[in-house]
Amino acid sequence: MKSELINALSRAEIDAIEAEITHLPDRKSAAIDALKIVQSQRGWISDDSLSAIAKLLNMSAAELDGIATFYNLIFRHPVGEQVILFCDSVSCWLMNGEKVCSKLQRTLGIQHGETTADGQYTLLPVTCLGDCDHAPAMMVGESLHHDLTVDNIEAIFK
Ligand code: FES
């Protein structure tokens with residue numbers, strides 16, 4: 001293993017990516033899994049991490065960046081400790097989602113794409129979270145919150 005690669009990725013990250021590759025037909029097929037592994041350790045994918053992952057998978061950084069950019073749960077910029085993914089799709093719109101999200105933005109003092117001053121939360125829009133029966137919905141980190149209203153959203157962040 002080249003030392004530059006080891007500097008950009010930890011031994012544990014490399015081992016986890018190599019373990020994924022063993023289940024797949026070729027190294028490139030591990031692209032999303034590799035990005036997720038590194039993001040789970042570092043919170044986001046820096047240019048250095050992206051280049052190192054690309055080398056490990058025998059692909060170009062540009063090719064991997066295309067995948068990372070297309071997949072909206074891979075973060076190419078630093079994010080807060082928890083990412084809020086607020087559903088921005090039709091069922092949630094119909095159930096007042098935009099007003100609820102506006103209330104959330106006022107509560108946290110951030111707009112979509114921004115991080116709170118204390119580094120705690122980053123707010124991002126996301127397409128349907130698959131919880132349309134309980135719209136509006138959002139993920140805060142790993143937790144799903146639904147049946148959101150302008151009256152109950154604030155309490156989630158207290
Ligand atoms: S449209 Fe929001 S959860 Fe499906």
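The first residue you see is number 1, and the count goes up from there.
Keep in mind that glycine also has a Cβ here, set from the backbone N, Cα and C atoms.
Copied over from TrEMBL, here are the features:
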- Cys87, Cys92, Cys128, Cys132: [2Fe-2S] cluster binding site (BINDING)
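Mapped onto this structure are the features recorded in TrEMBL.
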| residue | record | DSSP (3 states) |
| --- | --- | --- |
| Cys87 | [2Fe-2S] cluster binding site | strand |
| Cys92 | [2Fe-2S] cluster binding site | helix |
| Cys128 | [2Fe-2S] cluster binding site | coil |
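Spatially close to Cys128 ([2Fe-2S] cluster binding site) yet at least six residues away along the chain are Cys87, Ser89, Val90, Ser91, Cys92, judged by Cβ distances under 8 angstroms. Listed in chain order, the extra residues whose Cβ falls within 8 Å of the Cβ center of the [2Fe-2S] cluster site residues Cys87, Cys92, Cys128, Cys132 are Asp88, Ser89, Val90, Ser91, Gly97, Thr127, Leu129, Gly130, Asp131, Ala135, Pro136, Ala137. Counted over every protein chain shown, other Cβ atoms within 10 Å are most numerous around Cys87 among the binding-site residues Cys87, Cys132.
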